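A.B. asks: Please find one structure pasted underneath; my questions will follow.
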Amino acid sequence: MTDLSDVSRTAAAKPPAVPGRGPANKVRFVTAASLFDGHDASINIMRRILQSQGCEVIHLGHNRSVQEVVTAALQEDVQGIAISSYQGGHVEYFKYMIDLLREHGGEHIQVFGGGGGVIVPDEIRELQAYGVARIYSPEDGQRMGLAGMITDMAQRCDIDLTRYAPTTLDTVVAGDRRALAQLITALENGKADPELVSALHAQAKAAAVPVLGITGTGGAGKSSLTDELIRRFRLDQDDALSIAVISIDPSRRKSGGALLGDRIRMNAINHPNIFMRSLATREAGSEISQALPDVIAACKAARFDLVIVETSGIGQGDAAIVPHVDLSLYVMTPEFGAASQLEKIDMLDFADFVAINKFDRKGAQDAWRDVAKQVQRNREQWHSRAEDMPVYGTQASRFNDDGVTMLYQGLVGALGARGMSLKPGTLPNLEGRISTGQNVIVPPARSRYLAELADTVRAYHRRVVAQSKLARERQQLRAAHDMLQGAGHESAALETLASERDVSLGAVERKLLAMWPQMQQAYSGDEYVVKIRDKEIRTGLISTTLSGTKIRKVVLPRFEDEGEILKWLMRENVPGSFPYTAGVFAFKREGEDPTRMFAGEGDAFRTNRRFKLVSEGMEAKRLSTAFDSVTLYGEDPHERPDIYGKVGNSGVSIATLEDMKVLYDGFDLTNPSTSVSMTINGPAPTILAMFMNTAIDQQIDRFRADNGRDPTADEEAKIRAWVLQNVRGTVQADILKEDQGQNTCIFSTEFSLKVMGDIQEYFVHHQVRNFYSVSISGYHIAEAGANPISQLAFTLANGFTYVEAYLARGMHIDDFAPNLSFFFSNGMDPEYSVLGRVARRIWAVTMRDKYGANDRSQKLKYHIQTSGRSLHAQEIDFNDIRTTLQALIAIYDNCNSLHTNAYDEAITTPTAESVRRALAIQLIINREWGVAKCENPNQGSFLIEELTDLVEEAVLQEFERIAERGGVLGAMETGYQRGKIQEESLYYEQLKHDGTLPIIGVNTFRNPNGDPTPQTLELARSSEDEKQSQLHRLTEFHGAHQADAEAMLARLRQAVIDNRNVFAVLMDAVRVCSLGQITHALFEVGGQYRRNM
């Protein structure tokens, strides 16, 4: 446990502040998750608490390199850096950060970190000895609480940075950006020498540097647009310009804290020529900081070629930026209400340029026309056409948007007229004012698809109620008729009433009731017999206990009321029958447990050995592959410390096709009993192409071995086709979930969704029927903090979004729906007991009744992984108990495959011993646990049935909330899903911390002797030899294919530009290009992911 008496290591630290009082100085923090780490839920909570305690926070989000964090910290001149690191490589990461800070004049900046149980006590001591101010452990969290840890950080950083500011302008004028940052701090704090400020303005006046002001309403996309303009300045001028960006965000009146959130959106500023500084408005009561004139002067004195000022969001009557800039750009969206509202917008009087951003929204064309006419009226330029006004329609979220380029070229002309030195640009000149691109992932006419699906499910249940009532009444009337007739009384009227109900019963419902006696007979014997053509397939239905009791594989209800029978058949039914509530297959596959054999550590050789170990003795090889974080983010291994430390940690390092061949060596990837699951998303298309080529090359090698020669071109084509039709497995590749919760997006969302569609089209064209093109995942949404209902609702909503997107591309529902699979988390909450039941029923009903899909498409197949969030670093031996309970409910709910987490995953990559224990949990349930011999044990439980209905209705209501926001993509744009996940995560953490939610061994039933386990655990880390081997193999691969790689990358880029099938080209590209080479080539034409707050 960390020693709390270990106070700040810097001489500048102040005595602890009075508890409950904000910092005496303006404390600024940079917060981020470490490189190749998408776990940003905790750091988001931390930065919110920092803000509430009066700190100004520059939040960088997930996946940030040491260089990015240090550059931000130096330019923003902060007192502290807070980093969460859950993905391994933390020792190298934090040490590299301390080294860079010391090298670049930031030695007084204090570094704080945390990573749950991933950073073990010995490593905490090592890092703190090296210079990290504090690494917070899980024990610290329990003892201090979230707010206590943040207070500790703020107190340690409560120092006045003015002491470090330059006393002359010499270093600033000479181009020292660190000195500029420190001068800005003094100016912002109002503590700069007045004579120095006067000299500063004199220097600025002589510099004649143009200033571009960008302002607009909150949420208009100013930061994204600013970043896209900077990207075009860099491209067009070949990085010859030096640009300063001053970004202003509002301070919170109550706490004085501020979220300085523009930097997180910037992808184009990572260059030595770009300087960015975030300012809080503080006490200004305006959209600009009181220090802005001085800060602009400082940037001019520093001899930048251009200064860009971006203000915080403004109202209709605000135009405070205008006096401070030479050129102003007003950014708005099409949703401004009636055209008369435009007359109230002050900036339309003053702005030199207007951008209507988010131009893909409904009514954008009309908005552009109305704004252009208003600008024309304001300027009284009746001699010009309204469409010639400097009003542009832009889509900053769309990579390489031509509307943004048109705006950029208009700005360049105006800046040149104001004296800015520019060379002829390299970007082609574009004519026009508005973006011609339209994002049609889901057509606008289908934006309410989720609400329609909710209506479909509810309509189905209304029909169930009505039809079961008719069936009950028909049976009752017939019985009454028979009794009256038997007693010699008149019964014709009853016969008429019964006939009316018979006619009102639907054909499907009559068929279900007619087949009920046959179903009872089929399941009543010792075997279930199905005839397919002339062949009988027999399945044993009886297991006999040691006591001689016969346990049936499927147990039917004993209802005699036809209304209840029909209701059960329509809402439940036996496994394998619509609506598949109890399962999509009639029986589990004999001899194949749903066990996934999980591995991923070190290099491909070590993980291959682990696969062979965990699958030993198993007839079915169900290999589940975890990749290291370098691979997850599409990069190659590298010796740079923040990359090097993560190579082969928390997963296997795969950079080339040769690595992939080693990984699955010895496993026949086309064998029906072999399937491979690959947990990867951002670079999934490239990894999938490597896997498919590995499977193909296995069979070509087999042909050579069997025939003693190479196959002919025709034979090779047949082998390729056969392999694609027979290979079994799953790739996760779920980009929507990544954007909402997991954060391994690397490309722009639009481009990633386009390539997902390319993969599915390729699968359809090549008849890839046994491999899932996507695993639509709720697991990582749950791991990010979502409760079970949100997990299920968001996951199903994402699945239906893919359905709508693929239908919009012209694919038929039955050609692609069978390639979709799902992946859920289990946990300790009661709702987890029915996740599969609810998911299967909603999917089946909507697929049949809304989309007209066939039986195969109606079957939702899903994988379950026990909850990683429920694994705790304290009393880790208790984790297996939680995992066992979660595995039990997954098996009871008929999941199609199951992965049980190892008990030590809260701290390290699973060891051989812990993986064996995790596998044993499943084996014991499947082979020893008596009730598991029955394959529908949940059916008939009053609690399970009620939970199913409650959870289903909660999911449908969430569908409607998402539909109100324009569907999944519209909700993502406003951060709806991410915000809800974070709220639910914080709620869980609060209940865990205050003990309201009891967690055994964590906040109650604590070991009185402490918890020594983390000290003695074997930590799974990649070895130095494995890392060096990966670097060496990568160098060899690059050398062997040097002659072909660049031409192939050019072909790949051109495929994107021409809007051709990218995956088809990737199938060739992976043979000569590494993962990192492909990723960076696609960045150039597909765009990088833009992080959200």
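Even glycines carry a Cβ here, placed using N, Cα and C.
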A.B. asks: Please pick, from Asp236, Asp262, Asp326, the residue that Swiss-Prot records in the Mg(2+) 2 site together with Ile248, Asp249, Glu310, Thr311.
C.D. replies: Asp262
A.B. asks: Taking Swiss-Prot at its word that Gly219, Ala220, Gly221, Lys222, Ser223, Ser224, Arg265, Asn357, Lys358, Phe359, Asp360, Asn1092 bind GTP, choose the one of Glu92, Glu490, Glu964, Glu973 listed for that site.
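C.D. replies: Record source Swiss-Prot; matching candidate: Glu973.
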A.B. asks: Among Arg558, Arg622, Arg702, Arg704, which residue does Swiss-Prot name as a further substrate binder in the site formed by Phe587, Arg728, Tyr772, Ser821, Arg856, Lys861?
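C.D. replies: According to Swiss-Prot, the candidate sharing the substrate site with Phe587, Arg728, Tyr772, Ser821, Arg856, Lys861 is Arg622.
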A.B. asks: According to Swiss-Prot, region 'Disordered' applies to one of these ranges: 1-20, 141-160, 741-760. Which one is it?
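C.D. replies: Going through 1-20, 141-160, 741-760 one by one, Swiss-Prot flags 1-20 as region 'Disordered'.
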A.B. asks: Given the model, what does the mean pLDDT over the domain 'B12-binding' (26-156) come out as?
C.D. replies: 95
A.B. asks: Work through the binding-site residues one by one (Phe587, Tyr772) and point out the residue whose CB has the fewest other CB atoms within 10 angstroms.
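C.D. replies: Counting other Cβ atoms within 10 Å of each of the binding-site residues Phe587, Tyr772 gives the minimum at Phe587.
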A.B. asks: Under the DSSP assignment, what numbers of helix, strand and coil residues are found in the domain 'B12-binding' (26-156)?
C.D. replies: 66 helix, 29 strand, 36 coil
A.B. asks: Within 8 Å of the Cβ centre of Ile248, Asp249, Asp262, Glu310, Thr311, which other residues of the chain have their Cβ, at the recorded Mg(2+) 2 site?
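C.D. replies: Not counting the recorded site residues, we get Lys222, Ser223, Ile246, Ser247, Ser278, Leu279, Val309, Ser312.
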A.B. asks: Select one residue from Lys358, Arg728: among these binding-site residues, choose the one with the most other Cβ atoms within 10 Å of its Cβ.
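C.D. replies: Most Cβ neighbours within 10 Å: Lys358.
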A.B. asks: Using Cβ-Cβ distances, find the residues under 8 Å from Ser821 (substrate binding site) that belong to the same chain and are at least 6 apart in sequence, listing them in sequence order.
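C.D. replies: In sequence order, Thr730, Tyr772, Val774, Ser775, Ile776, Lys861, Tyr862, His863 meet the Cβ cut-off.
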A.B. asks: Would you pick out, from the binding-site residues Gly219, Gly221, the residue whose Cβ has the largest number of other Cβ atoms within 10 Å?
C.D. replies: Gly221
A.B. asks: Once the chains shown are all counted, how many other Cβ atoms turn up within 10 Å of the Cβ of Asp360 (GTP binding site)?
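C.D. replies: 21, counting other Cβ atoms within 10 Å of Asp360 (GTP binding site).
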A.B. asks: Tell me, if you would, which residue among Ser223, Thr311, Asn1092 (binding-site residues) has the fewest other CB atoms within 10 Å in the structure shown?
C.D. replies: Asn1092
A.B. asks: Looking at the binding-site residues Gly219, Arg265, Arg856, which has the shortest Cα distance to Thr311 (Mg(2+) 2 binding site)?
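C.D. replies: Result: the closest of the binding-site residues to Thr311 (Mg(2+) 2 binding site) is Gly219.
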